[in-house]
Amino acid sequence: RINVRIQMASKFFLLALLALSASHALASDPGQLQDFCVADKTSQVFVNGFACKDPKTAVVEDFYFSGLHMAGNTSNKQGSIVTAVNVAQIAGLNTLGVSLARVDYAPYGQNPPHLHPRATEILTVLEGSLYVGFVTSNPENKLFSKVLNKGDVFVFPQGLIHFQFNIENNEAIAIAALSSKNPGVITIANAVFGSKQTISDDILAKAFQVDKNIVDHIQAQF
């Protein structure tokens with residue numbers, strides 16, 4: 001009986017390891033089965049990501065991007081601009097599960113509350129000081145926030161709403177690395193108040209516990 005119990009325990013342990021391995025495999029971009037899989041953006045094949053072009057036709061430019069040394073134009077309502085470097089800019093990032101972005105902030109500008117549905121983000125401040133934070137999921141909705149200075153690093157877990165705000169009267173710069181070749185972004189205000197077609201003002205008024213006229217006014221901004 002002891003041997004039977006040991007065998008059963010071993011089987012459960014192996015099944016647990018298999019389940020854990022499967023969860024890790026499904027929690028990130030599909031892994032490559034070759035050295036690289038340069039995205040073939042002309043392919044008509046629909047896959048999760050991009051189809052690969054023939055590796056023999058790959059060129060060095062497939063793995064190259066230039067421009068992060070240049071400041072973006074922050075003259076917009078939010079006072080920030082994101083310069084993304086993902087698979088759309090570097091075809092060689094396809095299947096590699098990583099991307100990059102430069103974020104420029106005008107004085108008192110912000111990268112408004114948003115989330116990345118497919119990636120965790122790690123952000124480094126290059127210049128200036130930023131007030132940053134993220135909010136956990138329901139029901140706690142706990143805010144984790146901190147002021148970052150030059151050289152500081154902060155992590156925003158995948159799928160959680162987060163933000164950055166330039167607290168000084170000087171420009172700020174940050175670099176963000178993300179754990180997906182195509183992390184995606186959902187800006188909360190744009191999605192809720194600027195959706196196409198618009199969400200009913202009755203629904204939003206009840207959700208935010210405000211008058212419908214306020215909802216109509218906010219929707220008009222988008």
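One-based numbering along the chain as shown.
Backbone N, Cα and C atoms are what each Cβ position is placed from, and that goes for glycine too.
These features come from TrEMBL:
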BINDING   N111, H116, E121  oxalate binding site
BINDING   H114, H116, E121, H162  Mn(2+) binding site
DISULFID  C37-C52  disulfide bond
DOMAIN    66-216  domain 'Cupin type-1'
SIGNAL    1-27  signal peptide
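Structure coloured by features recorded in TrEMBL.
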residue	record	CB count, 10 Å
C37	disulfide bond	23
C52	disulfide bond	21
N111	oxalate binding site	26
H114	Mn(2+) binding site	18
H116	oxalate binding site	23
E121	oxalate binding site	22
H162	Mn(2+) binding site	22
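Rounded to a whole number, the distance between the Cα atoms of C52 (disulfide bond) and H162 (Mn(2+) binding site) is 33 Å. Counting in whole angstrom, N111 (oxalate binding site) lies 34 from C52 (disulfide bond) by their C-alpha atoms. For the Mn(2+) site, the Cβ centre of H114, H116, E121, H162 serves as reference, and the other residues of the chain with Cβ at most 8 Å from it are L115, A119, F134, F156, L160, I161, P183, V185.
H114 (Mn(2+) binding site) and E121 (oxalate binding site) are 12 Å apart (CA-CA, integer value). Of the recorded residues, H116 (oxalate binding site) and C37 (disulfide bond) place their C-alpha atoms 23 Å from one another. Calculated from their C-alpha atoms, the gap between C52 (disulfide bond) and H114 (Mn(2+) binding site) amounts to 31 Å. Sequence-ordered, the extra residues of this chain that approach the oxalate site, with Cβ no more than 8 Å from the Cβ center of N111, H116, E121, are A101, H114, L115, A119, L123, F156, H162, A176, L178, P183, V185.
Taken as a whole, the domain 'Cupin type-1' (66-216) shows an average pLDDT of 97 in this prediction.
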